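Reviewing the structure listed below.
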Amino acid sequence: MTTIVCVRKDGKVAIGGDGQATLGNSVEKGTVRKVRRTYKGKVVTGFAGSTADAFILLELFEKKLELHQGHLVKSAVELAKEWRTERSLRRLEAMMIVADETDFLLISGSGDVIEPEFDVLAIGSGGNYAKSAALALLRTENNLTAVEIVKEALTVAGDIDIYTNHNHIIEEI
């Protein structure tokens, strides 16, 4: 698994993820890029779960973005519908967080599209650790940026979760 976390603060959105890929009980690679920009650099995606499945979903999401001219919510809902109804896609084991400058969403394999109640979303095996750390930092008085909060949340997750490392990729919109 992995950890992907997304934070909105002061009008900025940051998504970050670690770089660890595991196969069974062993680390296969520590520098996988699970966070990437798409749609003319205006949308950032982060994925957790099976890497091959995530790439299939990312490709489908990019097609939806093109079809709907970058409209994040519409593209996410259409992807979730297809994921839920298309028999071959139902077996894919991955989750995604997608964000643009105004919205960010979690897209799950069961067809859920979730907008966060708070300004944090996190997925993957270390997701709950990262979400807790990010929420705590958002609720305290500090001068941390969204990027700094994501970095700290990923560090906490990496300290606790054996499937999350400290090689972070963070993108900000």
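Our numbering is plain: 1 for the first residue shown, then up by one each step along the chain.
Here the Cβ of each residue, glycine as well, is placed from N, Cα and C on the backbone.
Copied over from Swiss-Prot:
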ACT_SITE  Thr2  active site
BINDING   Gly158, Asp161, Thr164  Na(+) binding site
Cα of Gly158 (Na(+) binding site) to Cα of the residue listed as 'active site': how many Å, rounded? 9
Secondary structure of Asp161 (Na(+) binding site) (DSSP, helix/strand/coil): coil
Quick one: Cα separation, Asp161 (Na(+) binding site) versus the residue listed as 'active site', in Å? 9
Once near-sequence residues are set aside, which residues in the chain of Thr164 (Na(+) binding site), 6 or more away, have Cβ atoms under 8 Å from its Cβ? Met1, Thr2, Thr3, Asp18, Gln20, Gly124, Ser125, Gly126, Leu154, Ala157, Gly158
Tell me, how many other CB atoms lie within 10 A of the CB of Thr2 (active site), whichever protein chain they belong to? 28
Near Gly158 (Na(+) binding site), how many other Cβ atoms are within 10 Å of its Cβ? 21
